[in-house]
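Participant: Below: one structure in structure tokens.
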Amino acid sequence: MAKYTEEQLFAIKEETSYVPQPQILSAFNELIEQVKEHAHQQQLQYQQQQQQQQGFSGIGSGVSGPGAQKWRNGDTYIDEHGHERSYHHMNRRRPSRSNNGEKKPFFNKKKTEVVVDEDGWETFTPVQHAHRGSIGEDGSEEKSKFRDSVSGSSGSGAGAGAGAGAASGSAGGVRARPNNKNLGSSKQVDPRQIASTKQTRTFNAFEALEGNDDEDDDE
């Protein structure tokens, strides 16, 4: 970066000082006056057009006075009675269906609970939803009840099977069958949706036919 002394800066200032020229300044002032006059003429012409348009609409529709000023576009038509009317009522904008941008309050939303301990510390606890019973204390209680019921049913089925035989004992157990709608998804199965079905021995037609053949041979 170039460095200058004070004497050099004063010399440069004298050399590059601006000297206004009177002919250029007068031409510039005349141009400004012409622009102002042109803008004033345009404003007067616009006001005259607006007044003529309002008067034409007021006469054609039979409306005069302040009520005729609301029709400013000048687009009119002849109705079935021969009167000239404006299209103003056809250009009205429909009201918005989004409640004018205002969001409706969500009354069903539950607030978070605040727990204050002895030291004064506040802890926010999330609200547990009713349909999510597998989370929280209610879900743990339901799980424990379901396990107890399954274990009790399986124990009784095993005891009955020991007295009747190995085949009947295996058939007397309890098998947990999950809900079919959740098999193809990664969502965890809710214990309340699991149906416990007790196995029963099905009827075999081939075994029945073989038993009849043996009885016929004995006869």
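Cβ coordinates come from backbone N, Cα and C, glycine included.
Just lifted these from Swiss-Prot, have a look:
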COMPBIAS  41-54  compositional bias 'Low complexity'
COMPBIAS  78-87  compositional bias 'Basic and acidic residues'
COMPBIAS  100-114  compositional bias 'Basic and acidic residues'
COMPBIAS  154-172  compositional bias 'Gly residues'
COMPBIAS  179-203  compositional bias 'Polar residues'
COMPBIAS  210-219  compositional bias 'Acidic residues'
REGION    37-219  region 'Disordered'
Participant: Counting each residue once, how many in the compositional bias 'Low complexity' (41-54) are helix, strand and coil under DSSP?
Facilitator: 14 helix, 0 strand, 0 coil
Participant: How does the compositional bias 'Basic and acidic residues' (78-87) divide up by DSSP, counting helix, then strand, then coil residues?
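Facilitator: So the counts come to 0 helix, 4 strand, 6 coil.
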